[in-house]
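Sharing the record's features from TrEMBL:
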type	residues	note
ACT_SITE	Y161	active site, schiff-base intermediate with substrate
ACT_SITE	K191	active site, schiff-base intermediate with substrate
BINDING	T70, V234	pyruvate binding site
Amino acid sequence: HTGLEVWESLLSLPFPDSSMTPGKKLEGLVAATITPMTPDGQVNLSVIRQYVDYLVSEQNVKNIFVNGTTGEGLSLSIQERKQLAEEWVRQGKDKLDHVIVHVGALSLPESQDLARHAAAIGASGIAVIAPFFFKPTNKDELVAFLQKVASEASGVPFYYYHIPPLTGVKIRVEELLDGIREQIPTFQGVKFSDTDLLDLAQCINKNESEQFAFLYGVDEQLLGALAVGANGAVGSTYNYLGRKTNLMLQAFAKPDHALAQKYQFLIGEFLNFVIKLGFGVAQTKAVMTFVSGIPMGPPRPPLVNASEEFIAKAKAKLDSIAWPDGD
């Protein structure tokens, strides 16, 4: 495929219309949303409307992944996760194409409860992380867990959220996908947050006829994933570098690989710089706050606020980058 053919051949979701843009296929960039908090650490729903408008108008991003790693989903109570999902769906109506709600939890009943709730509020999809305290040790155990969650939201596209660096569950996705539609009829794709491009490439190669979505989750090497056929990306940097990354996608699709490479190098230059300083969810909140002007607040313990020194250095670095489009 040329890049353009890859993008044009993306899946159409064979599911009932949600409250988002009906029938629109999941492709391109998906922002892993941050959970805004008040200075005293409560979830701050009041800025989500402004946040949605910022993503659409300033970053050209119309898909979101809610309550995932970036959203501190596993540090939130079940009630908070439901309130956030409701607010994102409410504010995204007629503005966003897809609101994917992460419903994974260590407790199966809680995960099932979140899945039922996401279906009831009209989420465009649900995603589930592998349980990471008591872990599934093989494909069958993992699929059995995922199936028990997916079956609670029978009309909703289901995505597996693969993030072995955080879960320690290293079951290869290529193996997981073999025959998965027989057990999970709503299965629609993977958020693939691992650096193993061989596994990703084999998934794409072996499942061409299935039209699954393969959404890559390691932002600093998205171009490599596009080269092996990923049809989109979910990540935290698309909150504040969405417009730049969209320009990289356009260059790749053209194809102007030299220009796409230039964008990837510059995005990587920023991420490499902040990773060396120590870069996690707290720092992402700080960067999004100074780039967007929307207060994201502190992270929830055990995470701690980004330092003033980090903020000053990250801001100076971002301001110093000379982008090919002249901004």
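Placed from the backbone N, Cα and C atoms, the Cβ positions cover glycine too.
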Would you count the other C-beta atoms found within 10 angstroms of the C-beta of K191 (active site, schiff-base intermediate with substrate) for me?
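Looking across every protein chain shown, the total is 28.
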For the C-alpha pair, I'd like the distance in angstrom between T70 (pyruvate binding site) and Y161 (active site, schiff-base intermediate with substrate), rounded off.
13
In whole Å, note down how far the CA of K191 (active site, schiff-base intermediate with substrate) lies from the CA of V234 (pyruvate binding site).
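The separation of the Cα atoms works out to 7 Å.
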What number of additional C-beta atoms lies within 10 angstroms of the C-beta atom of V234 (pyruvate binding site)?
30
Roughly how many Å lie between the Cα atoms of Y161 (active site, schiff-base intermediate with substrate) and K191 (active site, schiff-base intermediate with substrate), rounded to a whole value?
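Checking the Cα atoms of Y161 (active site, schiff-base intermediate with substrate) and K191 (active site, schiff-base intermediate with substrate) gives a distance of 5 Å.
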